[in-house]
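Everything below concerns the one structure shown next.
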Amino acid sequence: MTRKLVLLRHGQSQWNLDNRFTGWVDVDLTEQGRQEAAAAGKLMKDEGLQFDVAYTSVLKRAIHTLQGALKELDQDWLPVHKSWRLNERHYGGLQGLDKAETAAKHGEEQVKIWRRSYDIPPPAMDVTDPGHPGHDRRYATLDRNALPGTESLATTLVRVLPYWHDAIAPQLKAGQTVLVTAHGNSLRALYKYLNDISNAQILELNIPTGIPLLFELDDNLRVQSYRYLGDPEAAKRAAEAVANQGKAK
């Protein structure tokens, strides 16, 4: 039996538009982002996808993307589970900074390493910083010292995988069709795990906003196929635009 999983990166956020490092900062969608969410829902509807359960992060840009997509699908009633483990990678001291200005200051290669390498985190945010998640009450039940002040993709994967194994994978194994609406790097982490690609290969992977990525999995959740819904060239262009965000102007 083929299991279906869709990974959907949130639509354009205000800080995507402003070309700023966002991380765990709770920035909302732009009007374009809301349109992308609806368009993603239409693509999934045209594909004939009937979901059984959905998962998202605790950040509004992902939550609102999921809501917009489900409305277009006419599946607003779907059970939705939110977890901080699906949050974007924490960008530490880079959060809020302009990506192009940071590239001009530190060099495009260094910014590419911070953005796209597997195991090198950006400079950390101190736990005493008001922007640290330890001061945000949505994480009040968690150990403040266990919350990240920065993350690499490797540590993001370590954070995401327990939720995959404990919450998402059992639903897929039970034959459920699953939608995960999250963020560029939490989804890159899942992509790496599912496709078992190398640390070097993940450096070149960019996930565009608002375009559903459909996986077909076997009974053991091994990948049989995967593809972006809609126009493949449009998805390619959107991914290239993501890659160019870290370049100096």
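In case you wondered, yes, glycine gets a Cβ from its N, Cα and C as well.
The following features are taken from Swiss-Prot:
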BINDING   9-16, 22-23, Arg61, 88-91, Lys99, 115-116, 184-185  substrate binding site
ACT_SITE  His10  active site, tele-phosphohistidine intermediate
ACT_SITE  Glu88  active site, proton donor/acceptor
SITE      His183  site 'Transition state stabilizer'
Taking the Cα atoms as reference points, how far is Gln12 (substrate binding site) from His183 (site 'Transition state stabilizer') in Å? 11
Quick one: which of these recorded positions, His10, Glu88, His183, have their CA within 10 A of Gly23 (substrate binding site)? Glu88, His183
Drop a 10 Å sphere on every Cβ of the binding-site residues Gly23, Gly184 and tell me which sphere holds the fewest other Cβ atoms. Gly184
Which of the binding-site residues listed here (Trp15, Lys99, Gly184) have a Cα atom within 10 Å of the Cα of the residue listed as 'active site, proton donor/acceptor'? Gly184
Sparsest-packed among the recorded positions, when each Cβ's other Cβ atoms within 10 Å are tallied, from His10, Arg89: Arg89
When DSSP is mapped onto helix/strand/coil, what comes out for Gly23 (substrate binding site)? coil
Where does the residue listed as 'active site, proton donor/acceptor' sit by DSSP, helix, strand or coil? coil
Local backbone state of His10 (active site, tele-phosphohistidine intermediate), from DSSP in three classes: coil
Identify, in sequence order, the residues in the chain of His183 (site 'Transition state stabilizer') that are 6 or more apart from it along the sequence and have a CB within less than 8 Å of its CB; answer 'none' if there are none. Arg9, His10, Ser57, Leu59, Arg61, Ala62, Leu86, Asn87, Glu88, Arg89
Within 10 Å of the Cβ of Glu88 (active site, proton donor/acceptor), how many other Cβ atoms are there? 27
Counting only residues 6+ away in sequence within the same chain, which have a CB under 8 Å from the CB of Trp15 (substrate binding site)? Phe21, Thr22, Val25, Val27, Gly96
Which entry in the list of binding-site residues, Arg9, Lys99, has its Cβ near the fewest other Cβ atoms, using 10 Å as the limit? Lys99
Three-class DSSP assignment, Lys99 (substrate binding site), comes back as helix
Across all the protein chains here, work out how many other Cβ atoms are within 10 Å of the Cβ of Gln12 (substrate binding site). 22
